[in-house]
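As recorded in Swiss-Prot:
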LIPID     G2  N-myristoyl glycine
LIPID     C3  S-palmitoyl cysteine
MOD_RES   Y32  phosphotyrosine
DOMAIN    89-150  domain 'SH3'
DOMAIN    156-253  domain 'SH2'
DOMAIN    275-528  domain 'Protein kinase'
BINDING   L281, G282, Q283, G284, C285, F286, G287, E288, V289, K303  ATP binding site
MOD_RES   Y334  phosphotyrosine
MOD_RES   Y343  phosphotyrosine
ACT_SITE  D394  active site, proton acceptor
MOD_RES   Y424  phosphotyrosine
MOD_RES   Y535  phosphotyrosine
Amino acid sequence: MGCIKSKENKSPAIKYTPENLTEPVSPSASHYGVEHATVAPTSSTKGASVNFNSLSMTPFGGSSGVTPFGGASSSFSVVSSSYPTGLTGGVTIFVALYDYEARTTEDLSFKKGERFQIINNTEGDWWEARSIATGKSGYIPSNYVVPADSIQAEEWYFGKMGRKDAERLLLNPGNQRGIFLVRESETTKGAYSLSIRDWDEVRGDNVKHYKIRKLDNGGYYITTRAQFDTLQKLVKHYTEHADGLCHKLTTVCPTVKPQTQGLAKDAWEIPRESLRLEVKLGQGCFGEVWMGTWNGTTKVAIKTLKPGTMMPEAFLQEAQIMKKLRHDKLVPLYAVVSEEPIYIVTEFMSKGSLLDFLKEGDGKYLKLPQLVDMAAQIADGMAYIERMNYIHRDLRAANILVGENLICKIADFGLARLIEDNEYTARQGAKFPIKWTAPEAALYGRFTIKSDVWSFGILQTELVTKGRVPYPGMVNREVLEQVERGYRMPCPQGCPESLHELMNLCWKKDPDERPTFEYIQSFLEDYFTATEPQYQPGENL
């Protein structure tokens, strides 16, 4: 969400295959200090989707009822704890997966491996717990602990993680051949997948996936000739012998401490005085973005909005919805200052906006595989927004944030419809992002998930051109007129034709003919691996 100033019919063909696909390029040191991105295991939300737009009085509908393309859905993170609520008497013992430093006087500091009795877990993301080691009680983030006697407590178990996210994690710089993790199978209920980092002369660093199947009697196997009573015994066996796998299991893949769900218990509408603005990161037509600290303890990003940008009551209503949208490719909304000037407090992402990263940061040096992977991450987040019947309305590189190891997260989802500035609400004013907006949205205000798909096609051109302004040499009015007449941007230099064909699908005149984000995600995630089997049979298996 920010100021825009103008400067200047086929299905996808066979996908581009590079001669050598190497591991992702590692970004250099943080621009604003070391910070991590959330790539820890997440759990699936159960139950039917909620139409968030109907709750927030959006004048136009959410996702289109027509889904012209298929594609595999991906995992997404919990909206609330997946554990049973109402535990009494501390019967279930939980163990910490990560260290945690208390942020308030009501919080409980703890170390990885510390055990707890849960006193009260009925209040969502923050549980009241008692440390068995110290006897102290306080609130702990519920996504930092798991039942002590469960498979989730194993360091190598990463839960509901998609194949692509497993590959991103295992291929992080510094990881060696044989590093591994176990996750839930995406394709077979009750089964698991073993993902291992490998190397060969043809592909270089790569990841192999093996399906772990479950026997009727409860045992587990990759090959029927080697069966085990428990997953733990299976993992132990393959750490001692490769036994047909591409490599013996060496060390567990390092995980990254996840973001907590919110800053602390009951820290939603917070006092302005609890925030310290420290480093100005950017400025737009509607406000500024700062790196700062909450409560003297927690690094955050703070978006400050100019008075009059939006009605505080409408913002607070929308923010209540936005904070329920949780996915590891969406920037989490932590807290708000709801009186003008409005402050929006979110996770701090160390590399800043994707636009700045491509134009001025290490993104200038990225090659096509890394750029396609970033597009796939954005499509992953948008596919979640699609499933939740929500709309972004302002999808472009300036509203994507980048963290360590090229992790991308979508920011500012849903805020655009609240802006009250006349130069924006006119839809053709100087501040409106015409070049990213679908014609039916720019001309008639028909914003849907399909207009977001159009914007994603424009965002793809930003990626492959390293941040070039779309429609170079054309002003806003000219763009609107030409697009209405059927003009579409030509294939950017160095962009494979199959990627340009995907862009053209996103730019179909009829919104219902545009692909779903689910399809786009599937297309991009498999862009370089479409000819390979998803699971390896292994040698002599």
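Glycine is treated like the rest: Cβ placed from N, Cα and C.
Locations of recorded Swiss-Prot features on the structure.
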{"residue": "Q283", "record": "ATP binding site", "Cβ contacts under 8 Å, 6 or more apart": "V289"}
{"residue": "G287", "record": "ATP binding site", "Cβ contacts under 8 Å, 6 or more apart": "K303, T304, L305, K306, T309, P341"}
{"residue": "Y334", "record": "phosphotyrosine", "Cβ contacts under 8 Å, 6 or more apart": "G262, L263, A267, W294, V300, V345, T346, E347"}
{"residue": "Y343", "record": "phosphotyrosine", "Cβ contacts under 8 Å, 6 or more apart": "R272, L275, I302, K303, T304, L305, V336, V337"}
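V289 (ATP binding site) counts 24 other C-beta atoms within 10 Å of its own C-beta, drawing on all protein chains shown.
Within the model, the domain 'Protein kinase' (275-528) shows a mean pLDDT value of 90, rounded to a whole number.
Taken residue by residue with DSSP, L281 (ATP binding site) is part of a strand. Cα to Cα, D394 (active site, proton acceptor) and L281 (ATP binding site) are separated by 20 Å.
Across the domain 'SH2' (156-253), DSSP classifies residues as 18 helix, 35 strand, 45 coil. Helix, strand and coil content of the domain 'SH3' (89-150), in residues and according to DSSP, is 3 helix, 27 strand, 32 coil.
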